[in-house]
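S.K.: Summarising the annotation, Swiss-Prot assigns active site, proton donor to 107 and lists sequence analysis as the type of evidence. Taken from Swiss-Prot, the feature substrate binding site applies to 93, 109, 110, 111, 259, 260, 261. Sequence annotations record features per position, and here Swiss-Prot assigns divalent metal cation binding site to 97, 107, 146, 176. Under the heading region 'Important for dimerization', Swiss-Prot lists 241-276, citing sequence analysis as support. Positions annotated as site 'Important for dimerization' by Swiss-Prot: 176.
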């Protein structure tokens, strides 16, 4: 393992620890269960899952470090020049599904990828981001989420937040339904336009920003009263989350195609979901406002 890879791995393990500790403290009753695993083809990871807490219905914060002699199709499809190279992939990926429909689901991921071939220069890049999926939108929360994202990006250039915000909006889009998964945030891949140290610093800034982006929203909404109907709507909207993860998500596809651990890969799926045939929200309802106002292409910071 190279010095670069060792530094990234140390950071990711520490990030996993810090996020788990913060989430446990916010929940107040549940604790993460750790499941260490190994991958027969090379590598392994630490899966951490929290379930049936006071605030968190189900969540996972996973670390993985896998390696192999050939890239899986999902990784080499848009980089065909890397076919036949050995690879190492390290990352922390998390999804939090709260009980309360007034608390959004959150997702974050930071990862490092390096592909090597004897006699040739190593090719490396970082990827990641974080995004928010509300069920009952609150403008204050959306602005806060994007403000934290913007501040994390600011030291690396004025164009970084707008570019990766737009990429997030484009990526987390359910093409078969022509609707966004949530209100976005940041998404980026193939980050190597800076030198390694700057690129690594950027990834650390994004990883470290997640708790500051999410926990204030959780604190504001976790005690809000909700009805059975609102809970059912949350489960209905969770269906969109499942559809995206199983059809489009690069991380899910990479994990399954590279022989990753299925239980860890599918940890992101919510515990209870519903699909209703051709269900429509009542005009003028909070449920209708979610798609009409919040799940649209908005510049949250320009408007506030």
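Placement of Cβ uses the backbone N, Cα and C atoms for every residue, glycine included.
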S.K.: Going along the chain, which residues six or more apart from residue 176 (divalent metal cation binding site) have their CB under 8 A from its CB?
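M.R.: Long-range Cβ contacts: 243, 247.
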S.K.: What's the CA-CA gap between residue 259 (substrate binding site) and residue 146 (divalent metal cation binding site) in angstrom, rounded?
M.R.: 35
S.K.: If I take every residue in the region 'Important for dimerization' (241-276) and average their pLDDT values, what number comes out?
M.R.: 88
S.K.: Do any residues at least six apart in sequence from residue 93 (substrate binding site), in the same chain, have a Cβ closer than 8 Å to its Cβ, and if so which, in order?
M.R.: 61, 62, 64, 107, 108, 109, 111, 251, 268
S.K.: When the number of other CB atoms within 10 A of each residue's CB is tallied over all shown chains, which of the recorded positions 107, 111, 261 has the maximum?
M.R.: 107
S.K.: Give me the Cα-Cα distance between residue 110 (substrate binding site) and residue 146 (divalent metal cation binding site), rounded to a whole Å.
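M.R.: Roughly 17 Å, rounded to the nearest whole number.
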S.K.: Using the structure shown, find which entry in 259, 260 (the binding-site residues) has the sparsest Cβ neighbourhood within 10 Å.
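M.R.: Comparing Cβ neighbour counts within 10 Å for the binding-site residues 259, 260 gives 259.
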S.K.: To the nearest whole angstrom, state the Cα distance for the pair residue 97 (divalent metal cation binding site) and residue 260 (substrate binding site).
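M.R.: Pair distance, Cα basis, whole Å: 23 Å.
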S.K.: DSSP on residue 110 (substrate binding site), three-state: which is it?
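M.R.: In three-state terms, residue 110 (substrate binding site) counts as strand.
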